[in-house]
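According to Swiss-Prot, the features are:
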- 73-96: transmembrane segment (TRANSMEM)
- 159-182: transmembrane segment (TRANSMEM)
- 198-222: transmembrane segment (TRANSMEM)
- 298-316: transmembrane segment (TRANSMEM)
- 353-376: transmembrane segment (TRANSMEM)
- 392-418: transmembrane segment (TRANSMEM)
- 440-462: transmembrane segment (TRANSMEM)
- 537-555: transmembrane segment (TRANSMEM)
- C579, C588: [4Fe-4S] cluster binding site (BINDING)
- 595-616: transmembrane segment (TRANSMEM)
- 670-692: transmembrane segment (TRANSMEM)
- H681: chlorophyll a' binding site (BINDING)
- M689, Y697: chlorophyll a binding site (BINDING)
- W698: phylloquinone binding site (BINDING)
- 730-750: transmembrane segment (TRANSMEM)
Amino acid sequence: MTISPPEREKKVRVVVDNDPVPTSFERWAKPGHFDRTLARGPQTTTWIWNLHALAHDFDTHTDSSLEDVSRKIFSAHFGHLAVIFVWLSGMYFHGAKFSNYSAWLADPTRVKPSAQVVWPIVGQGILNGDVGGGFHGIQITSGLFQLWRASGITNEFQLYVTAIGGLVMAGLMLFAGWFHYHKRAPKLEWFQNVESMMNHHLAGLLGLGSLGWAGHQIHVSLPINKLLDAGVAAKDIPLPHEFILNPTLMSELYPKVEWGVMKGVIPFFTLNWGAYSDFLTFKGGLNPVTGGLWLSDTAHHHLAIAVLFIIAGHMYRTNWGIGHSMKEILEAHKGPFTGEGHKGLYETLTTSWHAQLAINLAMMGSLSIIVAHHMYSMPPYPYLATDYPTQLSLFTHHMWIGGFLIVGGAAHGAIYMVRDYDPVVNQNNLLDRVIRHRDAIISHLNWVCIFLGFHSFGLYIHNDTMRAFGRPQDMFSDTAIQLQPVFAQWVQNLHTLAPGGTAPNALEPVSYAFGGGVVAVGGKVAMMPIALGTADFLVHHIHAFTIHVTVLILLKGVLFARSSRLIPDKANLGFRFPCDGPGRGGTCQVSGWDHVFLGLFWMYNSLSIVIFHFSWKMQSDVWGTVAPDGTVTHITGGNFAQSALTINGWLRDFLWAQAAQVIGSYGSALSAYGLLFLGAHFVWAFSLMFLFSGRGYWQELIESIVWAHNKLKVAPSIQPRALSIIQGRAVGVAHYLLGGIATTWAFFLARIIAVG
């Protein structure tokens, strides 16, 4: 940290342009108004594709100064938030008007959540299954009921009011998006003032946001959940505002602290924090009534997070000559072997939003995958852990979202390299040095992929062969040649024992996934130790293989986006181009865009195996029923350890055996999943028509169809064109992923709703 002389400091100001862009509905009504070429209108059918491809590519618009692009992004953020608020409002509205929330709240272990009732127009009423409590509807797996209970929502009217609040917020966001682009648009220096931005985001969004949530948890969620856990009916519990306005209600539940506007904070400032130990706890483990984390633990967590981030929001130097400067930190950050280190990165990240976005997407994607793993190992909401369909859905959802964001990070990294990279700024710094030894990086990564691929598949094929020959004693398994994941087992053991030393007052381990007892709620397993064996060791190395291949493709795309041995001037061809002519041993599918295209398939590959592993492992070794004497019966009876050792086992005992429910769903409330399963297979197959396509064949076909139209004098004025190679690939990968994801969705849900 440095303290600078006042004359060196440039004062931070909020500077805006007034009325920079007129609000013109007439202009917006003209398709392609943002681009001179597109605004002329269509000559050929390619125009409509370009319209969609470029509408959000602000760099290509007619006015594309850095300032204007920054303003458009800023404004679009508000539009995005408006869409999110409308979407959330719809969720809450369904909860208010079409759900069995109150019935679920009264009996969450037997009643299933439902917030959608289908109108029986031509017999669709069959989809409204009996979810318990006398309610018929579609079982939902979003986890919203559990979240609402954790928030302290006790009736449908509260959901209705919140839904209206969501629409009000959406309106405010739309207004803000318009206002900050058309009326008062910030100047470029405001967008580039990173210290103020960090301070506001850290202290404001994360710090005060967490503090607000902690306050809500303490004053509303905790008392309401304490009463619900004790068996008090929701209708007999005081309303949220009563707990806030009436201190005696809180004193009855949490007598240690004196409740009142001023009295309540005295223990905080006199360091008598023990007074808060009724509701700011450090118990560890799960609440045995609900199978979720102790809400008093999560309130404590959010309060601690708030304190950390509010302090963090005072770290950076703005108008007071004290604190860190981002540029100074980056330029001082160099090691003995890294040349100029991080020099130049400040300029890069303040002038290239693609570079900034690439980092943010990679980080948020990784975070989403971390969230996926915490949702089952440390289920945050009441009765979430025993709602197996919701657990499976939340894991799958957060894995896929994470995968898409990480691929997006590579996409924008490559766009940065092509459009924004400045060789003058990046001289012998980390970025330059990585690019200069990219051949070593990529060839090593390639070797790792080959090694992992052959060895991990080799182990499976060995097992398939030995099982076919009737030689189980020669297989890699827990009962023959063991390949135990000893490091993973050591880490599990370490995490089970460590809190005894690091958090001696905690009552239970951090997560029962690592070790400890079985937590059962309503006769179902909420969480229990997840034992790892040879089958997990094998599939783990398949995960390692597929993830490394995904990284290889994406990283190669970024590092070779500007140039390669075959195409030294690749940067001039742009982010996406189909080929660079014949000869030279092949120049097709080498653009930055093509690497993203190929990376998406491997991302899908990787995550399919991850969610299959999770689904089968949990059904086999975790999820199931608990008898009064404590005996656990798992859904598939622990068959993972022996069946998942061979490729045939995965095909027969997972895919085929567990598809029985979706294939046999016709005539039941799950029949929609049967139709989706079929339809999504069709969408997936349709994608192959675009991926294995010959563009010339289609263009020829189109020409002969146009000839026929000309003969009949009904030819269109806009010339039809076959899809370009890039367009075909884009349509192909979109349908491939949509078909694959919807197929998996139908397969998973039909199965787990039937047996879970």
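Yeah, the Cβs are placed from backbone N, Cα and C, and that goes for glycine too.
Positions of the features from Swiss-Prot, shown on the structure.
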residue : record                        : DSSP (3 states)
C579    : [4Fe-4S] cluster binding site : coil
C588    : [4Fe-4S] cluster binding site : coil
H681    : chlorophyll a' binding site   : helix
M689    : chlorophyll a binding site    : helix
Y697    : chlorophyll a binding site    : helix
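Taking each Cβ in turn and tallying the other Cβ atoms within 10 Å, the top scorer among the binding-site residues C579, M689 is C579.
Y697 (chlorophyll a binding site) is surrounded by 10 other CB atoms, counting those within 10 A of its CB over all protein chains shown. Taking CA atoms as the reference points, W698 (phylloquinone binding site) and C588 ([4Fe-4S] cluster binding site) are 19 Å apart. Pairs of Cβ atoms less than 8 Å apart link the transmembrane segment (392-418) most often to 595-616, out of 73-96, 198-222, 298-316, 595-616. In this structure, the C-alpha atom of C579 ([4Fe-4S] cluster binding site) lies 18 angstrom from that of Y697 (chlorophyll a binding site). The highest tally of CB pairs under 8 A with the transmembrane segment (73-96), across 159-182, 198-222, 440-462, 595-616, 670-692, is held by 159-182. Taking the C-alpha positions, the distance from H681 (chlorophyll a' binding site) to M689 (chlorophyll a binding site) comes to 13 Å. With respect to their backbone Cα atoms, Y697 (chlorophyll a binding site) and C588 ([4Fe-4S] cluster binding site) stand 18 Å from each other. Here the Cα atom of C588 ([4Fe-4S] cluster binding site) is found 19 Å from that of M689 (chlorophyll a binding site). Distant neighbours of the transmembrane segment (595-616): 376, 392, 395-396, 399-400, 403-404, 406-407, 410-411, 414, 536, 539, 542-543, 546-547, 549-550, 553-554, 556-558, 561, 589, 636, 640, 644, 650, 654-655, 658, 729-730, 733, 736-737, 740-741, 744, 748, 752; these residues of the same chain sit at least 6 beyond its ends, with a Cβ under 8 Å from one of its Cβ atoms.
Distant neighbours of the transmembrane segment (198-222): 150-152, 240, 243-244, 250, 253-254, 279-280, 295-296, 298-299, 302-303, 305-310, 312-316, 318, 326; these residues of the same chain sit at least 6 beyond its ends, with a Cβ under 8 Å from one of its Cβ atoms.
W698 (phylloquinone binding site) is surrounded by 15 other CB atoms, counting those within 10 A of its CB over all protein chains shown. All protein chains considered, the CB of C588 ([4Fe-4S] cluster binding site) has 13 other CB atoms within 10 Å.
Within 10 Å of the C-beta atom of H681 (chlorophyll a' binding site) sit 15 other C-beta atoms, taking all shown protein chains into account.
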